[in-house]
């Protein structure tokens, strides 16, 4: 039963990444190398973030919400934006379209995040003797993170690669990118500042990820239309 529970949670956590790759044109255009490069960039940015967090943040004795510490975390979190910028604009890829590039980068980014933050807890905890919903919720959280990562890559693609976008959409693109980039701080406030339990936070993340994915898709479609 414990092994069965572990495999169920692992499939829920990592399966959507494989499904997204195989069910979209990404597999037809062989963009796996792009996703691997993005995952390596993620690991590099995660290391830089870890050093910054260890250097500038104080270890708190309680789990209360500290606005100053959370502001520092949010600022350090923008290293992710710099990493996605590097992955989208500085790495060399084979001839793939902008549409496929941001999807491959977002997919590799989200997969690396799930492996780094969820694989070890899943391996240790989901094989325990006592059943718990925590690892199923972590799998759902990984799905929300997948959608948010692709949305952030799409918005980054519009900001840095799309030159002829409508000027009226530029503020909306930047605001949406800001919201997605600060989602870890938002969820931290909901959990620590407002006392939300983990299932409620995951529900919020799932809902927000779908909303941001819809908005990002609409913005990307609007920017692809020929200007009149």
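Backbone N, Cα and C define each Cβ position, glycine as well.
Positions annotated as transmembrane segment by TrEMBL: 39-59 (among others).
Long-range Cβ contacts of the transmembrane segment (71-93) within its own chain (Cβ-Cβ under 8 Å, at least 6 residues beyond either end) map to 33-34, 37-38, 41-42, 44-45, 48-49, 52-53, 56-57, 101-102, 105, 108-109, 152-153, 156-157, 160-161, 177, 181-182, 184-185, 188. Feature annotation from TrEMBL assigns transmembrane segment to 71-93 (among others).
Under the heading transmembrane segment, TrEMBL lists 144-161 (among others). With a cut-off of 8 Å between Cβ atoms, the residues of this chain six or more beyond the transmembrane segment (144-161) that come close are 16-17, 20, 80-81, 84-85, 87-89, 98, 101-103, 105-107, 109-111, 113-114, 173-174, 176-177, 180-181, 183, 202, 205-206, 208-210, 212-213, 215-217, 219-220, 223.
Long-range contacts of the transmembrane segment (168-190) within the same chain: residues 65, 70-71, 73-74, 77-78, 80-81, 148, 151-152, 155-156, 158-159, 196, 200-201, 204-205, 208, 212, 215-216, 219, 222-223, each at least 6 residues beyond the stretch ends and with a Cβ under 8 Å from a Cβ of the stretch. What TrEMBL records for 168-190 (among others) is transmembrane segment.
Annotation source TrEMBL lists transmembrane segment at 202-220 (among others).
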